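First the structure, in the form of structure tokens, and then the observations on it.
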Amino acid sequence: METSAYGASLAGGAFDFWGFLKRPQTIVRLLSWLFSIVVFATILSEGYMNEEHVDVTKCMFNQNDSACSYGIGIGILAFLACVVFIVLDAYFPQISNANDRKYIVLGDLGFSGVWTFLWFVCFCFLANQWSHTTQTAVIADAARAVVTFSFFSTATWAMLTVFAFRRYRQGMDEVGLGYNDPAGDHTSPYPSAYAGAPEGYQQSPFTASSAGQGGYQPPAY
């Protein structure tokens with residue numbers, strides 16, 4: 001019988017916290033979480049400015065509010081997704097149902113792939129808007145940080161996509177080699193009639209128990 005499914009041992013093992021933190025997937029996910037904070041927090045704190053004697057604030061990226069809104073939205077959603085997937089990664093070895101593991105891995109694969117694309121769009125969009133920005137004296141460092149960490153986020157989410165794809169392929173190979181889901185395995189034989197039964201022997205489900213053998217016996221008067 002296989003001892004793992006979708007890249008994790010079967011349920012029941014002790015959780016190794018330090019081993020979990022040292023996993024490449026965990027490290028990259030934590031980096032993605034950190035990069036997302038840098039992007040949306042920088043935009044929220046320093047991404048809006050107003051000209052002298054003007055109360056209305058504008059986005060530092062060519063005064064295009066859509067650019068700032070896009071960066072904030074992508075960053076916050078990436079932050080929340082990283083938290084959710086880190087919790088799922090920690091809980092993953094405790095899940096015994098192979099189908100549940102499959103859905104989690106597919107969700108990770110799909111989300112990571114989409115967010116890789118969205119971060120790339122964010123990087124290109126913000127870099128383009130910054131290249132057309134004229135008032136750069138005060139906000140240059142903040143804007144460059146946002147653009148740089150958008151690019152870093154594209155790289156880390158692409159790595160997460162590769163990790164999820166590898167785990168999915170590994171899980172499909174393991175299931176194909178004969179992994180049986182403990183929660184849904186209906187192919188196991190019926191229990192033996194006695195503990196010392198010879199190998200290959202199985203009790204018929206319709207065999208009467210030893211207490212009821214011999215058929216019906218009428219009462220003696």
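A Cβ is built for glycine as well, from the same backbone N, Cα and C atoms used for every other residue.
Database features, via TrEMBL:
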{"type": "COMPBIAS", "residues": "201-211", "note": "compositional bias 'Polar residues'"}
{"type": "DOMAIN", "residues": "20-169", "note": "domain 'MARVEL'"}
{"type": "REGION", "residues": "201-221", "note": "region 'Disordered'"}
{"type": "TRANSMEM", "residues": "30-49", "note": "transmembrane segment"}
{"type": "TRANSMEM", "residues": "69-92", "note": "transmembrane segment"}
{"type": "TRANSMEM", "residues": "104-130", "note": "transmembrane segment"}
{"type": "TRANSMEM", "residues": "142-165", "note": "transmembrane segment"}
Which one of these stretches, 30-49, 104-130, 142-165, has the most C-beta pairs shorter than 8 Å to the transmembrane segment (69-92)?
30-49
Tertiary contacts of the transmembrane segment (142-165), as residues 6+ beyond its ends and Cβ separation under 8 Å:
24-25, 28-29, 31-32, 35-36, 38-39, 42-43, 46-47, 60-61, 71, 78, 105, 108-109, 112-113, 115-116, 119-120, 122-123, 126-127, 130, 133, 136
According to DSSP, how is the domain 'MARVEL' (20-169) divided among helix, strand and coil residues?
119 helix, 4 strand, 27 coil
